[in-house]
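Quick look at what TrEMBL annotates:
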- Arg17: site 'Transition state stabilizer' (SITE)
- Tyr22: active site, proton acceptor (ACT_SITE)
- Asn71, His77, Asp84, Ile98, Ser99, Arg108: substrate binding site (BINDING)
- His97: active site, proton donor (ACT_SITE)
Amino acid sequence: MKIIIINGPNLNLLGKRENDIYGDETFNDFFEKLQQKFPILSLSQFQSNIEGELIDKIQETGYSYDGIILNAAAYTHTSIGIADAVRAIETPVVEVHISNTFSREEFRHKSYIAPNAKGVIVGFGLQSYELALQSFFK
Ligand code: DQA
């Protein structure tokens, strides 16, 4: 099973960014553990701060992968381009957020991606990614 995690802007700073909200673990450390926990999966990850690169990656993987776990970060709340890409592809997308966006500022309550996602997992820290991964097993 081929699954990719696609992370949007500023998620490359996990571990040193607003630790009270996002925790103190780097994504690479977390990802290594995730790979060890699910060795039978072909798991990959991609991060970009650039909207168009995220769209390119969604298009590139969206017809051949079994699942996409997408944390579009701030673009979740603004990007119709990413939302359209999610809508266009065939691979199911699970939207994830580390923080509980609904308990934060109102502008974070809106997701342009959610209506076209298979599901949304919000607020469980980095464990949100693992829960999203598990959702592809059945
Ligand atoms: C986030 C929530 C977004 O509102 C924010 O812009 C992020 C991270 C999360 O994972 O909690 O960068 O997607």
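Positions of Cβ are set from backbone N, Cα and C atoms, glycine also.
Put simply, of the recorded positions Arg17, Tyr22, His97, the one whose Cα is nearest the Cα of Asp84 (substrate binding site) is His97. A Cβ distance below 6 Å to any atom of ligand 1 is met, among the recorded positions Arg17, Tyr22, His97, Arg108, by His97, Arg108. Taking Tyr22 (active site, proton acceptor) as the reference point, the binding-site residues whose C-alpha atoms are within 10 Å of its C-alpha, out of Asn71, His77, Ile98, Ser99, are Ile98, Ser99. Nearest by CA distance to Arg17 (site 'Transition state stabilizer'), out of the recorded positions Asn71, His97, Ile98, Arg108, is Ile98. The separation of His97 (active site, proton donor) from Arg108 (substrate binding site), Cα to Cα, is 11 Å. For the binding-site residues Asn71, Ser99, counting C-beta atoms within 10 A of each C-beta gives the highest total at Asn71.
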